[in-house]
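TrEMBL lists these features:
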type: TRANSMEM; residues: 18-36; note: transmembrane segment
type: TRANSMEM; residues: 56-76; note: transmembrane segment
type: TRANSMEM; residues: 82-107; note: transmembrane segment
type: DISULFID; residues: Cys148-Cys169; note: disulfide bond
Amino acid sequence: FHIWGCVDTITEFLCFSLFSQLGGCGILGVGIWLAVTQGNFATLSSSFPSLSAANLLIVTGTFVMIIGFVGCIGAIKENKCLLLSFFIMLLIIFLLELTVVILFFVYTDKIDKYAQRDLKKGLHLYGTDGNIGLTNAWSIIQTDFRCCGVSNYTDWFEVYNTTRVPDSCCLEFSENCGLHSPGTWWKAPCYETVKVWLQENLLAVGIFGLCTAMVQV
């Protein structure tokens, strides 16, 4: 009975490791697809130009695949060293997640100020050569969230050095509509609008994070 119990445990552990590796492959695949089809889409930061959705998914997928691979090999060969390494890596990930969450809530105000300042700097790269990802990201955000600028639409005045906004700020899109009067533009600030949307969906994100942490433990 003891032998069968060990076999069942190894099988379950192997299945868990395989699912982890497959999940990593899926995340990596999506990241590569985004990188190929969308370039640096969703790169809004001027200080961290490599911080894009595609790059984050590629790094995350690769890391998850490595962890899953170590777990699979350790389970198949019943290697205590590899299994210990697998559990240590899971523990490190769990502690990192916990640390990030705590730091986020402790330094929320400072993060808000830094993020807004950095995003405003990024506005000056809008429409410039080599920044198609940032341009597309701002256009999509302003259109989908019906907002304009980081704090308000006047953020764009500094970018263009005139009373003008991108066409994606317009209530009704048309060619060069950003040259019209402010009454034809969205008034909501994008930073606060997106932040409120994230807060409203925080419950779903929290449940997902809790489930992920429980699986890791």
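Heads up, the Cβ atoms here are built off N, Cα and C, so glycines get one too.
All annotation found in TrEMBL is predicted automatically rather than curated by experts.
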Near the Cβ of Cys148 (disulfide bond), how many other Cβ atoms are there if near means within 10 Å?
28
Sorted by position, what residues of the same chain at least six away from Cys169 (disulfide bond) have a C-beta under 8 A from it?
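The list for Cys169 (disulfide bond) reads Gln142, Cys148, Gly149, Tyr153, Trp156, Gly178, Trp185, Trp186, given in order along the sequence.
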